[in-house]
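Structure record follows, encoded as structure tokens.
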């Protein structure tokens, strides 16, 4: 008993805290021990150091937390603590790791949280069973090298004064958690990539400028590098496929930008994957795909529902306020343009390869050129009208052509500086030259004995090549003869057609002078008929009825009157586009309407686009005065085009004045671009008849440009409103006239017809104007 009392007195002398009342010398407080589970209960505050040592000898758990000890208790020498596995010396005033604790060879967990430790002795190497070490909230400036030779699994060194990590940190092969947050670390050594078992890495609140790329080789689950000076996340971090939590707030990040980082981990890794594809464009497809994540369902803000983390893909809501001002909002609205560019590049690449290998590649499709497979044939053959349509500028007539054909023409015009459908002479010349090259390269003189000694398969191949060449030569010769025949017949028909035109103009003038200008059917005259199909002997020149210069000859050109001359025979046909190019036209007079008989017989007309082109061209010519045509039947096409262009400009100017006057707005110089989204036109329709367009898609400050789908919806709503108000169908423009800015003249006709149906505006009251002079006189 005396010895026990002496130990208690010595412990009390070592303890510098207050002494409990009643003579109890073990009144030191004992707080909870972080890292070692729940601390002792309230009754432990009165336990003596001696009882703590006795319990450590029995249980193997030493708890001396919160006793303000400056050194290890000396009474520990009286107890066998060699089997201690867990030691809690936190919340004391120790300046170094006690030497007594370094001899606990069975120690697995050591907690030195919140002390004054500045040095770790080398004797710590004796703790070869230590797996958990908490030295946070101390005054360490460096981690000693010998600390990296321990079998640690958890190392917590936060809230110290560390300026760097030792390169030997890579020796901690079994380390799963490393916490060095709240220090002054400026760089992380590349050897951290050797920590093949690391799962949790926390470098929060340091002075890091960059992240080591070697960290991408570590199977991290949690990464926290917030509150640093990091500007770029390495692209290789996309390989962190096991990462579930990444915390990166309070960093001046530039790549990925902040708009992507706030959306969460999924978007960050998508961005890194896209950047990797840009850096290495030759990556195979399977490496371009984003890597999967193992059980990866958490985001940056775990309490936030995942549905709110919208990527913005396919988002066309113009009122969305999630986008920042400097983030592109119409990044995906031009997807068709990107697809078109990709298709163009692929096509050009294929054609260049074909041109290089053209002389050495055997064609097996019966003598047809390989590049002709890329041509979308219309009416089963390629015509001169098609070639001319490709070469004409954008101001060509689009009213008579289908949208599919116009898209086809535009695609060919963009993808080729020179049209792949070459003129006949050039195309045949190239075929002949290719055949000559092929013949010189492949026809090598051989001896008959060698031919007999060749295997049968080789002989069959040679015979097939010869037959193929013969078929190609025959087809070329046949095509050449047909082209020459077509050219001769074209000249003859051109002469005959001019004579027919003069006679028809004279007949029309006589008929107009003798008949009432009202619409009537002259007796004995049928409607104007057109050939239902082209001549069978032509392949490269389509021969149609040339109605150029005939005002009143065509059923479409003379809408108030019927045609007055007999149908033309099939041989009296000529290429319309060769003499008069088609131009984009508008209907000038809203009072014109098609005859009922023409509408009844409309399904019997041929469906060829060439027929529609001829009809449209003659509709343009029909607006000229018959007297002028009778006096000068052979008018210069250039003058007609110039005249039509001037009329179109007048219509466009009139359209601008109408809109500005009705809506009290000032339109920009580019009127077509101002009307493309359909907003102005929808407001104009509502001005004529309120609520005729119930909903209008308008731009917003966040999304200043409407998507093509919303622009088309506005335009279609405007045209529907025009139909409901009463605009005739023949005066309605097409949506592509507005969306593609290719038919402002037709839009002007539609707007003019719409405004004619508007109620007359009441004149402003005159009373204030009459009183104004009286007031000024007073």
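Here the Cβ of each residue, glycine as well, is placed from N, Cα and C on the backbone.
Residue-level annotations in Swiss-Prot identify, among 589, 625, 625 as phosphoserine. When 46, 315, 415, 514 are compared with the annotations in Swiss-Prot, the one labelled phosphoserine turns out to be 415. Among 324, 395, the residue that Swiss-Prot annotates as phosphoserine is 324. Between the stretches 17-42, 329-354, 355-380, 511-536, Swiss-Prot puts its region 'Disordered' entry on 511-536.
Residues 181, 198-211, 213, 245-256, 268-269, 272-273, 275-276, 279, 290-291 of the same chain lie 6 or more positions beyond the ends of the repeat 'LRR 8' (220-239) yet place their CB under 8 Å from a CB of it. On the 0 to 100 pLDDT scale, the model's mean across the region 'Mediates interaction with DOCK7' (56-290) is 91.
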